[in-house]
Amino acid sequence: MYQTTTLKDKIKLFIIILLPILITQVSINLMSFFDTMMSGQFSARDLAGVAIGSSLWVPILTGINGIVLSITPIIAHLIGAKNKKDIPQVIQQGIYLSFVLSIIIIVIGGIALDPILQAMSLEKEVQRIAKYYLITLGTGIVPLFLFHTIRSFMDGLGQTRSSMIIILISLPINAVLNYILIFGKFGIPAFGGIGAGIATSLTYWIISGISIFMIHRVYPFHSYKVFQKILPPTLSYWADQLKIGLPIGLAIFFETSIFSAVTLLMSEYNTNTIAAHQAAMNFASLLYMLPLSVGMALTIAVGFEVGAKRLHDAKRYTYLGIMGGLFIAIFAGIILYTFDDVVARLYNSNPEVIELTKQFIIFAIFYQLADAIGAPIQGALRGYKDVNMTLVIALISYWIIGLPTGYLLANYTALEPFGYWVGIIVGLSTGAIALLARLLFIQKKSV
């Protein structure tokens with residue numbers, strides 16, 4: 001990051017920061033896309049099993065990742081204030097904390113997984129696939145959150161291109177491993193959807209190893225000497241990170257878990273409906289990476305300017321990002337509407353699944369438009385280190401307004417499963433309006 005004076009320079013710098021983040025986020029999500037798409041080509045049951053497994057995993061992944069992402073604004077503020085000496089301490093404590101959180105997830109998952117799956121109305125085979133998909137995926141949790149901690153350090157320095165390179169290296173590896181393990185190639189048995197979990201876990205270990213190598217050997221990361229002196233765990237640093245990260249993580253968890261709750265509630269419908277819902281949701285999640293990336297870039301840009309006490313510049317970056325995110329979402333919606341049949345056929349060849357997927361896609365277009373406003377604003381608020389009210393807004397919008405609305409529409413109107421998607425759209429739209437009001441309040445207060 002560096003100081004800019006004109007709008008043209010701000011746009012140029014913002015694009016430089018945004019593009020690597022966007023490519024990285026899309027590439028990370030492509031792993032889930034490959035898991036779902038290739039499992040669906042194996043069978044509708046495998047698609048449904050991976051869908052249920054993903055619906056349980058994604059809220060945990062994104063929630064914990066939100067806590068880890070708190071390192072990005074902390075680093076951005078330190079760089080903006082020209083305080084580099086505290087960076088190694090922040091990174092090491094972040095790694096300790098991510099390890100502890102990973103172990104907690106593994107323990108809770110080991111205890112709760114079977115009871116949760118057994119409480120759902122699933123075919124036995126779908127339940128088995130979901131269980132072992134999650135178990136195999138879980139073997140990569142520790143390296144995954146180690147990578148995200150190091151990535152947050154890289155992004156906080158404005159070096160977003162480096163994390164992009166790591167993911168781009170790993171993406172074809174993940175696709176090849178999926179192909180081998182799902183369909184059974186080169187003498188290895190076909191694992192179906194479970195093979196997707198194995199492949200993704202192996203990929204997590206690979207990207208973790210590459211990231212460790214880069215901060216040791218690649219400029220400018222090695223100049224910070226992050227591991228030159230190993231420091232003991234310090235609870236006060238954990239508390240500082242959790243103070244920012246926990247509200248971020250919980251806010252993201254409340255948003256992503258509503259989609260998971262909808263998938264779980266849909267277990268009462270047949271396998272084809274579950275498969276079609278997950279196919280549409282999976283592709284919509286891929287599109288969500290666009291506004292999410294804008295939000296992450298705003299966290300860096302706004303955090304840097306706020307750290308340097310240039311509040312007017314922080315405000316200009318904020319509205320630049322919001323308008324950019326909305327433009328991208330409108331363009332993506334047009335593409336999705338035009339090529340709905342092509343998208344549906346990526347996931348399954350069953351005619352019923354294809355037609356249901358196309359119907360779900362119509363609702364997905366409106367869902368991602370609402371997210372295009374909310375996600376960038378959340379990113380800007382993180383740059384201001386304003387995270388607590390975001391948590392409250394997420395809880396009320398998604399769980400008190402969105403999900404009950406969806407449940408009522410699904411069970412008491414002719415919309416049936418599509419009613420849940422209308423509820424999601426209502427929740428996201430409510431959240432976006434509330435977040436905008438909060439942003440205006442913070443900016444006025446900061447003047």
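Even glycines carry a Cβ here, placed using N, Cα and C.
Look at Swiss-Prot and you will find 11-33, 53-75, 95-117, 132-154, 161-183, 193-215, 244-266, 286-308, 317-339, 359-381, 388-410, 420-442 tagged as transmembrane segment.
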Maximum Cβ pairs under 8 Å to the transmembrane segment (317-339) among 11-33, 53-75, 161-183, 388-410 is reached by 11-33
Within-chain partners of the transmembrane segment (95-117) [C-beta distance under 8 Å, separation at least 6 from its ends]
52, 56, 60, 64, 67-68, 127, 130-131, 134-135, 138, 141-142, 144-146, 148-150, 233, 238, 241-242
Restricting to the same chain and to residues at least six past its boundaries, which positions have a Cβ under 8 Å from a Cβ of the transmembrane segment (359-381)?
251, 276-277, 279-281, 283-284, 287-288, 290-292, 294-299, 302, 317-318, 321-322, 324-326, 328-330, 332-333, 336-337, 340, 343-344, 387, 389-390, 418, 421-422, 424-425, 428-429, 431-432, 435-436, 438-439, 442
So are the transmembrane segment (286-308) and the transmembrane segment (193-215) touching or not, going by 3+ C-beta pairs under 8 A with a sequence gap of 6 or more?
no
Is it true that the transmembrane segment (244-266) and the transmembrane segment (193-215) have 3 or more Cβ pairs under 8 Å, skipping pairs fewer than 6 apart in sequence?
no
For the transmembrane segment (11-33), distant same-chain residues with Cβ under 8 A (at least six beyond the ends):
1-2, 4, 54, 58, 151, 155, 158, 160-164, 166-168, 170-171, 174, 200, 203, 282-283, 285-286, 288-290, 292-294, 296-297, 300-301, 317, 320-321, 324
Long-range CB partners for the transmembrane segment (388-410) (under 8 A, at least six residues beyond its ends), listed in sequence order, are 247-248, 250-252, 254-255, 258, 261-262, 265, 378, 381-382, 416-424, 426-428, 430-431, 434-435, 438
